[in-house]
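> Sending over a structure as structure tokens; questions will come in a sec.
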Amino acid sequence: MRVLGIETSCDETGVAIYDDAAGLLANQLYSQVKLHADYGGVVPELASRDHVRKTVPLIQAALQEAGLQAQDIDAVAYTAGPGLVGALLVGATIGRSLAFAWDVPAIAVHHMEGHLLAPMLEDNPPEFPFVALLVSGGHTQLISVTGIGSYTLMGESIDDAAGEAFDKTAKLLGLDYPGGPMLSKMAQQGVEKRFVFPRPMTDRPGLDFSFSGLKTFAANTIRDNDDSSQTHADIARAFEDAVVDTLAIKCRRALDQSGFKRLVIAGGVSANRTLRAKLAEMMQKRGGEVFYARPEFCTDNGAMIAYAGMVRLKGGTHAELSVTVRPRWPLAELPAI
């Protein structure tokens with residue numbers, strides 16, 4: 001069975017084809033980073049228009065990469081939310097229309113479930129149950145996962161997501177959009193503990209996060225010190241260390257609370273090398289395992305949507321004839337299969 005996956009939730013157009021026997025057959029991705037760079041962030045209207053231009057050519061490229069024709073596709077999966085409503089509608093409309101034209105099932109996929117299941121694309125996929133840390137520009141959540149669709153929210157950010165805090169702090173440091181990865185690169189040149197940032201909400205029980213205060217702390221630190229490149233690198237190091245430590249502390253608590261031995265990290269920030277190293281060290285000491293996708297599957301992509309669509313289709317899920325998207329869509333509302 002082959003599923004075509006379409007991802008258009010924000011500023012990346014992704015199309016992939018997944019075969020339940022042969023694995024990933026094609027993976028095409030177009031990033032809109034250059035389009036939005038001049039504006040310092042994603043402009044929803046521009047994102048939607050670019051998805052209109054790029055989605056169909058990427059579908060054609062994916063079919064060519066896989067050596068397939070339209071009649072070889074058994075289902076079409078598309079991201080139905082959460083995300084930017086206009087961007088979601090582009091992928092959903094194209095995906096639902098293709099499914100209707102090809103007379104195959106359509107599957108509306110939850111974007112964050114796609115991220116959560118992305119490590120399943122690797123050679124050593126995690127087994128259930130596990131704790132999942134979903135960490136991206138729009139979400140920071142700890143989820144107890146006991147099966148597909150069996151998701152219990154353990155904690156989440158009460159304000160900025162971790163990725164959003166990275167991007168905002170990077171902007172304060174004068175870095176271009178998207179600043180998160182650039183901040184991490186700058187942090188590698190920073191002196192450890194020259195500056196020490198707080199670890200928000202780690203001095204109280206619970207698994208919720210708060211990162212907006214770190215941005216304010218960074219702004220004050222930048223204001224009160226010289227603007228040399230070394231000082232900026234030291235501030236970047238202090239900021240990244242604070243975020244990574246906070247995430248690790250909360251993950252440890254979630255594992256203690258659940259009793260699980262496996263940890264999955266997913267979402268764009270899961271590509272951060274410092275975070276990966278910190279959690280790998282923590283899990284080794286605990287005698288557990290940590291799982292994550294390769295970097296290209298951490299950010300938005302069609303492969304995770306195709307895979308999640310395959311899993312949902314096998315579980316009996318398919319979309320209605322109408323096109324419906326959900327810009328806000330709690331993960332816990334998904335049915336278990």
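For all residues, glycine too, the Cβ spot is worked out from N, Cα and C.
Here's the feature list from Swiss-Prot:
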type	residues	note
BINDING	HIS111, HIS115, ASP300	Fe cation binding site
BINDING	LEU134, VAL135, SER136, GLY137, GLY138, ASP167, GLY180, ASN272	substrate binding site
> Would you kindly give the Cα-Cα distance separating GLY137 (substrate binding site) and ASP300 (Fe cation binding site), rounded to the nearest Å?
11
> Indicate whether HIS111 (Fe cation binding site) is helix, strand or coil by DSSP.
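DSSP assigns HIS111 (Fe cation binding site) to helix.
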> If you pair up every Cα among LEU134, VAL135, SER136, GLY137, GLY138, ASP167, GLY180, ASN272, the residues annotated as binding substrate, what's the maximum separation in angstrom, rounded to an integer?
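Maximum Cα-Cα distance: 17 Å.
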> In whole Å, note down how far the CA of HIS115 (Fe cation binding site) lies from the CA of SER136 (substrate binding site).
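Cα to Cα, SER136 (substrate binding site) and HIS115 (Fe cation binding site) are separated by 10 Å.
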> To the nearest whole angstrom, state the Cα distance for the pair GLY180 (substrate binding site) and HIS115 (Fe cation binding site).
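The Cα atom of GLY180 (substrate binding site) is 18 Å away from the Cα atom of HIS115 (Fe cation binding site).
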> Cα distance, HIS111 (Fe cation binding site) to ASN272 (substrate binding site), nearest Å?
20
> Only counting partners 6 or more residues apart, tell me which same-chain residues put their Cβ under 8 Å from the Cβ of HIS111 (Fe cation binding site).
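Looking at Cβ-Cβ distances below 8 Å from HIS111 (Fe cation binding site), excluding near sequence neighbours, one finds GLU7, SER9, THR79, GLY81, PRO82, GLY83, ASP300, ILE305, TRP329.
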> Within the same chain, and leaving aside HIS111, HIS115, ASP300, name every residue whose CB is within 8 angstroms of the centroid of the CB atoms belonging to the recorded Fe cation site, in sequence order.
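Sorted by sequence, the hits are GLU7, SER9, THR79, MET112, GLY114, SER136, GLY267, ASN301, MET304, ILE305.
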> Starting from each candidate's C-beta and looking 10 angstroms out, tell me which of the binding-site residues LEU134, VAL135 has the most other C-beta atoms.
VAL135
> How many Å separate the Cα atoms of GLY137 (substrate binding site) and HIS115 (Fe cation binding site)?
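One finds 13 Å between the Cα atoms of these residues.
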